[in-house]
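Have a look at this one.
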Amino acid sequence: MYIIVGLGNPGKKYSGTRHNVGFDVIDLLAHRLGITVNKLKHKALYGEARIGGEKVILAKPQTFMNLSGESIREMMQFYKIDPENLIVIYDDIDVKVGSLRIRQSGSAGTHNGMKSTIYQLQTDAFPRIRIGVGRPEFGDLSNYVLGSFTKDEIPLMKESLERATLTVESIVIDGIDKAMNRYNG
């Protein structure tokens, strides 16, 4: 069994923003799998499905980004999931728009949702998919990540989100190493 978590902020105000691409991937994956992510438990909206015969929980923490780890820890404890069976999907300003970086483990970098997750789990040894949202040339970083994509970025992001869903499926079916070889970039 896997828990697949997309990081984001709850509420319509944040829908479609750079910081919510993790939620976007969960929504796209849920659509592909024919389920809805609408049950509330462990401070998260979630839905259950199967990928390649493997049970998966798709989840969107409702705690706001900086406290995402609380929800993830509760889910992992409830379902008795080891860190290697957790996949976290989130935005990364240090990766160019439209690119993916898949890793087996690693630091949180500047991402507060990942800092919370690593702190709550007391480990950074879990797979993650970083979705590039780029970095502003100038201006406030907070306004940038809470802003929408430009007209030119939208097609790149649609392709990136689709590749991220395929990456999740590949991790579950083929393992992290094959997924990294196939989808990094």
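Using N, Cα and C of the backbone, Cβ positions are placed for all residues, glycine too.
Source: prediction; values computed, not measured.
Quick paste of what Swiss-Prot says about this protein:
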type	residues	note
ACT_SITE	H19	active site, proton acceptor
BINDING	Y14, F64, N66, N112	tRNA binding site
SITE	N9	site 'Discriminates between blocked and unblocked aminoacyl-tRNA'
SITE	D91	site 'Stabilizes the basic form of H active site to accept a proton'
Could you tell me which three-state DSSP class D91 (site 'Stabilizes the basic form of H active site to accept a proton') falls into?
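Note: D91 (site 'Stabilizes the basic form of H active site to accept a proton') is in a strand by DSSP.
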Which residues of the same chain, at least 6 positions away in sequence, have a Cβ lying under 8 Å from the Cβ of H19 (active site, proton acceptor)?
G8, N9, M65, D91, V133, V145, L146
Based on DSSP, name the secondary structure state of N112 (tRNA binding site): helix, strand or coil.
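In three-state terms, N112 (tRNA binding site) counts as helix.
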Neighbourhood of the tRNA site (Y14, F64, N66, N112): other residues with Cβ within 8 Å of the Cβ centroid, in order?
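Going along the sequence, the neighbours appear as N9, H19, T63, M65, L67, S68, G113.
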Out of N9, N66, N112, which has the highest number of nearby Cβ atoms, where nearby means within 10 Å of its Cβ, if these are the recorded positions?
N9
What are the sequence-distant neighbours of F64 (tRNA binding site), meaning same chain, six or more residues apart, C-beta distance under 8 angstroms?
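Spatial neighbours, sequence-distant, of F64 (tRNA binding site): N9, P10.
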Could you tell me which three-state DSSP class F64 (tRNA binding site) falls into?
coil
Could you say whether, by DSSP, Y14 (tRNA binding site) belongs to a helix, a strand or a coil region?
helix
Might you list, by sequence position, any residue in that chain lying six or more from Y14 (tRNA binding site) with a Cβ less than 8 Å away from its Cβ?
G8, N20, L146
Please find, for Y14, F64, N66, N112 as listed binding tRNA, the greatest distance between any two Cα atoms, in Å.
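Max Cα-Cα spread across the tRNA binders: 16 Å.
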